[in-house]
Amino acid sequence: MEHNELFTFDNVKKSPLHSLNFSIKRGDNVMLFGPSGAGKSTLLHLFNRLSDPDKGSIYYLGKDLQSYSITELRKEVGLVMQAPNLFPGTVLDNLKYGPSLHGEWNSEKAEALLEAVQLPADYLDRSVDQLSGGEQQRVSLARTLANNPSVLLLDEPTSALDQHTTEEIEQVLEGLAIEQGVTLIMVTHHLDQAKRLGSRGIFLSDGEIIEEGNLADLLSNPKTEELQAFMT
Amino acid sequence: MSPEISNQSLLFLVVFVLVPLTLSYYYQLGLSKGIMWSSIRGTIQLFAIGYLLTYLFDLPAYIGIPFMLTIMITVASFHARKKGKGLPSVLGIIFIGLIVIEGSVLGLWLLFDMIEFTPNEVIPMSGMVIGNSMIAMGLALERLKSEFKENEGRLTAALSLGAEPKQASQIIIQRTLGASLIPNVDKLKTIGLVQLPGMMTGLILGGVSPIMAIKYQLVISLSIFSAVSLSAIYITLMMYKYFYNNKMQLKHMEFDQ
């Protein structure tokens with residue numbers, strides 16, 4: 001059965017997050033934004049059980065998140081962090097890491113993965129130390145994509161990159177969302193970026209959801225003083 | 001046999017303390033108190049252990065040896081635990097590890113007739129094995145903690161890609177073991193060339209022929225090498241799990257900036 005609701009948060013508490021109640025639908029591209037310390041990254045890690053709520057429940061496709069195998073869930077709900085955090089070795093070593101854990105690596109996949117993040121195929125044998133910051137972040141994205149995730153959690157993946165590289169990464173993400181139907185859940189500080197990539201926005205402050213809804217509406221017509229202040 | 005050091009000669013050792021003491025005073029290093037205290041403490045400790053050993057050597061082997069080994073392993077466990085501060089069950093794990101490692105080494109020595117089961121042979125030899133194992137466990141624990149801290153991002157990445165804790169920790173385990181074992185391999189390579197090992201020096205000064213001294217030194221050096229390797233591997237493999245909870249999540253992590 002196809003569940004329209006991808007994630008449902010039911011009274012979820014996890015310091016510094018207070019009581020969170022919201023749902024994310026399939027195909028929503030959700031932008032999480034708000035001031036530092038609002039709990040954005042903490043929230044992001046709850047989606048693939050890198051941490052668990054202190055109270056409340058999270059449902060994925062209608063079933064309690066706790067009922068899934070953790071490793072399978074993490075493959076399906078991938079994460080790209082602010083820093084690339086590549087493993088020592090070559091680009092190829094990094095790309096095959098996830099699939100190899102479950103004996104699912106197919107070497108023919110490697111070039112397609114690099115193409116997806118707009119890197120040339122001859123990068124496969126390069127040591128990750130030789131790559132620029134932008135290239136490392138692309139490899140990090142490709143490494144997560146190697147697991148074929150249906151949801152991609154992104155924790156400010158472009159905050160350390162220049163404008164040009166940021167735009168290129170955004171194109172890749174847009175392509176994934178549109179062509180492959182990957183749902184993006186992304187923490188970002190940049191409202192412009194949120195507008196470009198998101199369809200839905202969640203504005204957090206002090207561990208609480210202050211406003212949420214259609215992103216364009218949210219940003220064109222902020223109802224709370226907090227969001228108005230954040231936008232200026 | 002070399003001449004015995006008289007108590008009078010021993011008094012002149014004070015000169016060796018006066019040199020660093022004068023330097024500290026002259027350059028205002030503020031170490032005078034520390035130098036005095038550690039010299040006096042060290043002297044008292046050594047004499048105390050000398051008298052204790054004299055007493056133990058006179059006891060029957062089956063009493064003196066277990067008694068002294070228990071003390072040594074207990075003290076070593078408490079000392080190594082300091083390096084693993086904050087990790088649960090670390091004292092018990094070190095204690096058991098030291099018993100097993102010392103027990104195995106001692107068993108092999110006796111099995112292959114390398115030493116006699118007498119306090120004057122077992123206690124000093126075991127002291128070296130236990131002491132070195134203690135240092136190896138302490139270093140491995142320290143390294144393990146710093147590797148986990150430094151590689152928090154990579155570990156999170158590995159877990160998020162579907163790795164189990166054992167798989168995610170692979171790089172850290174390799175690095176910790178490498179760091180613990182490489183100095184010992186190097187030490188073994190230059191043994192006898194850079195400095196004569198302590199035990200061999202002692203035996204030669206005591207009048208034993210250099211070849212006999214080397215035989216003993218080989219037994220102890222290779223035993224230490226093996227014990228140190230085992231200690232590092234044991235403590236690393238036992239402790240890395242404690243950095244995760246049973247939900248394959250890293251413990252004590254602050255995710256928000």
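Note: Cβ is positioned from N, Cα and C throughout, glycine not excepted.
Per TrEMBL, the stretch carrying the note transmembrane segment among B:37-58, B:191-212 is B:191-212.
Between the transmembrane segment (B:90-110) and the transmembrane segment (B:218-243), the number of CB pairs under 8 angstroms, six or more residues apart, is three or more, so the stretches are in contact. Outside the transmembrane segment (B:218-243) by six or more residues, the chain places 84, 87-90, 93-94, 97-98, 100-102, 104-105, 108-109, 114-115, 125, 128-129, 132-137, 139-141, 144, 148, 165-166, 169, 172-173, 176-177, 180-181, 184, 188, 191, 197, 199, 250-251 with a CB less than 8 A from a CB of the stretch.
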